[in-house]
Amino acid sequence: MVGMTRIQSAEPVWILFVLTLYSSVLMQVKPQLWSVGIERKKLFGETNTSVHCDEIRGLSRNQRSLCRTYNDHMYYVESGSKQGVEECQWQFRGQRWNCSLASNASPDKIIAVGSKETAFTYAITSGGVVQSIARACKSGNLMACGCSKRERPTGLGKDWNWGGCGDDIDYAYGFAHEFIDAQERDNSSPNDRRVKSHKAMNIHNNEAGRLSVVRASHTTCKCHGVSGSCSIKTCWLQTPQFRTIGDKLRQRYDDALEMRVTHRGQMKTRFSSDRNPSNIDLVYIDSSPDYCKVNHKLGILGTSGRECQLDSLAMDGCGLMCCGRGYTTKMVEVVKSCNCKFQWCCFVKCQQCKEKVLKHICN
């Protein structure tokens, strides 16, 4: 594969394939979230090491070819996608849009609107794949890559060894760039301004997600020696905890820039007073739809049935979350850990206790 060893500028995307993968991933998380209807056993072989590339909806011709050539990578594409969705759900857990899609919605519905939510979806899943592939390389699970080949950082102390097995972030970035962007290269529609607008937006946000992982990667060091001494000091490159990536992208979601696309396919800020976006900013071209009500056309679930916080003035409060429809208070029984005790050695053992609590549910 060409171009997997250096950082390049962004080019096209993949979201239909990712959303297809979600159908198996998210049936394990919550049945109503992002379900597309393809069974896991049809996507992966019995051992989770073989992917049936011809069974996957949404792949372009080049993506299908890459899927066959790099078949062992696809399991980690799914794992990264799953990680991205779970982080998306956590980041938006108290919002009207909580990274959910109606179970009967097709995967292209979430991308029918070029909103801030679509921007975040592209970025977080793209970043998830980069981290998943980078760590799979380090673990020796992929034949095409291994430990990071990054050069020794200039600021590293002379008595520290550079050579521990680090996450192969450069290969992971290159593979994600090549695979994710293949769909846009295959399905170009230069005369359709709407398609060009979405393509330019998605290209940018995918790169923002990838670069979020690349730029947050850091040097990690460890001491080795007899009886706790630090006679040997070893350092390596490590990708960050994914929550760090989620937090960064959530902030960029809040600060996302509204764009317009010129007849030449170039993105420009919609308002002249706005700054030009950097390659790590999120951008969008459409206003967000109404997430208060069910919208089958766009696969929006609405907020009816969502739990709200009675005393909160934020979006998770009953006043905002329920969109003025009011709420119902119910006494429900929950199971919580209790009577926890430290056991030698070394874990905490808890009992499971039932407790009745009040919950407020949007009408």
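Quick reminder: no glycine exception, Cβ is built from N, Cα and C everywhere.
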Cys145: disulphide-linked cysteine among Cys137, Cys147 [source: Swiss-Prot]: Cys137
From the candidates Asn48, Asn187, the one which Swiss-Prot records as N-linked glycosylation site: Asn48
Cβ-Cβ neighbours of Cys350 (disulfide bond) (radius 10 Å): 11
Inter-residue C-alpha distance, Cys235 (disulfide bond) and Cys346 (disulfide bond) (nearest angstrom): 28
Cα distance (Å, whole number) from Cys362 (disulfide bond) to Cys308 (disulfide bond): 7
Nearest of the disulfide-bonded residues (Cys99, Cys147, Cys323, Cys346, Cys350) to Cys338 (disulfide bond), judged by Cα-Cα distance: Cys350
Of Cys165, Cys292, Cys346, Cys362 (the disulfide-bonded residues), the residue whose Cβ has the fewest other Cβ atoms within 10 Å: Cys346
